[in-house]
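According to Swiss-Prot, the protein has these features:
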type	residues	note
BINDING	10, 16, 17, 18, 96, 97, 98, 99	FMN binding site
């Protein structure tokens, strides 16, 4: 049995293409892997606080010196990190907002990129500690950005995943969604057609 962690980050509940892709992905994954355990964390329904002084203090101070607010922030970060550590497959559903990922997804990443837990510093540089895991990224984009200089989403997420040791990363892009009805339908259909290859 494998554990799949799905991170939803679209601000929209209705008419969200990234959520449509997630729904279809779950159906196909469950059909192919009925014994697997799937956990969904929705960052729109339960937002993760952005990085702040309390979390930094919780990370850096000895336990006896942490304030109540720092302990609370650390406990939240530990919960998110433990979910990631337990997962065999990470799925991030990410619409493109202003050429990159939603700030809610960035906040989640800030909580789980943890020195000594998901990566470590060595004499030769940082080393990812989550080797052996797989990541799948489902994106929804108003324009067509794949391979273009305007894409600050895929390169960033590939870099972050590699930093924590995840090198097996697949991207499925639904693009051109705001260009016209024809482009929208084509973009959604092409993305959905690729789901079977990763599920």
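Cβ atoms here come from the backbone N, Cα and C positions, even for glycine.
Quantities reported herein were computed from a predicted structural model and do not represent experimental measurements.
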Including all protein chains shown, what's the count of other C-beta atoms within 10 A of the C-beta of residue 18 (FMN binding site)?
25
Would you please pick out, from the binding-site residues 10, 16, 98, the one with the fewest other Cβ atoms within 10 Å of its Cβ?
98
Taking 10, 16, 17, 18, 96, 97, 98, 99 as the record's FMN-binding set, what's the max Cα pairwise distance in Å, rounded to a whole number?
17
Around residue 97 (FMN binding site), how many other CB atoms lie within 10 A of its CB?
17
Please work out the number of neighbouring Cβ atoms within 10 Å of the Cβ of residue 17 (FMN binding site), leaving out its own Cβ.
24
List, in sequence order, the same-chain residues at least six positions removed whose CB sits under 8 Å from that of residue 99 (FMN binding site)?
145, 150, 151, 152, 153
Cβ-Cβ neighbours of residue 96 (FMN binding site) (radius 10 Å):
24
